[in-house]
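Since the structure comes first, as structure tokens, the remarks are kept for the end.
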């Protein structure tokens, strides 16, 4: 009898899991909830505007290539809830990433979303690292896609002689980005030098050198 009850409980739990789709953001409870960034209400996401119009659901910022004349030779243009208020509670967003020849979108994570990239043009070497420290990588070209699982460190590198670009899709209205090097070496307040020297097995002088290179240009 006890075994039968246990079996029934297990079946109910499994059915509950497979019948509820897993998403990065909570489900919406109404047709739309256009974000009101000026609201003083603190909540998970943004408070809803009292009224809205078509402009709250429109953004043309992905139409043109981003400028890649920077240290990394890449530019991420986000189309998330901060740019498109109508995305609030919808659980999706996009980005366009442009790469100069030799450009890199450095190792980073998205704590709130899985990412899928679609190559507009060019060739990229991409990859992510699992929690078992295994690199999963591939070269992708125009028309191809690649998925980076939520929360895992990943990167894209243009090793070609021509520019490249992708459209990236996320299952979150605001996936968040933590670039590994910038997170550790440019945090404010700063991560203690003795943490960085021990973690990376480098000297304090080398830590300061890295910080100076990664410091935001004023």
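A Cβ is built for glycine as well, from the same backbone N, Cα and C atoms used for every other residue.
What TrEMBL lists as signal peptide is 1-24.
Taken from TrEMBL, the feature disulfide bond applies to 33-48. Long-range Cβ neighbours of residue 48 (disulfide bond) (same chain, at least 6 residues apart, Cβ-Cβ under 8 Å): 32, 33, 34, 35, 36, 88.
In the domain 'Cupin type-1' (65-208), the DSSP tally of helix, strand and coil residues is 22 helix, 58 strand, 64 coil. Annotation comment: TrEMBL describes 65-208 as domain 'Cupin type-1'.
Sequence-distant neighbours of residue 115 (oxalate binding site): residues of the same chain at least 6 apart with a C-beta under 8 Å from its C-beta are 147, 148, 150, 154, 168, 169, 170, 175. Annotated oxalate binding site per TrEMBL: 105, 110, 115, in sequence order.
Here TrEMBL flags 108, 110, 115, 154 as Mn(2+) binding site.
Looking only at the binding-site residues 108, 110, the densest Cβ neighbourhood within 10 Å occurs at 110. Looking at the domain 'Cupin type-1' (65-208) alone, the prediction's average pLDDT is 97. A Cβ within 8 Å of the Cβ centre of 105, 110, 115, the residues given for oxalate, is found for these other residues of the same chain: 95, 108, 109, 117, 148, 154, 168, 170, 175, 177. For the recorded positions 33, 105, 154, counting C-beta atoms within 10 A of each C-beta gives the highest total at 105.
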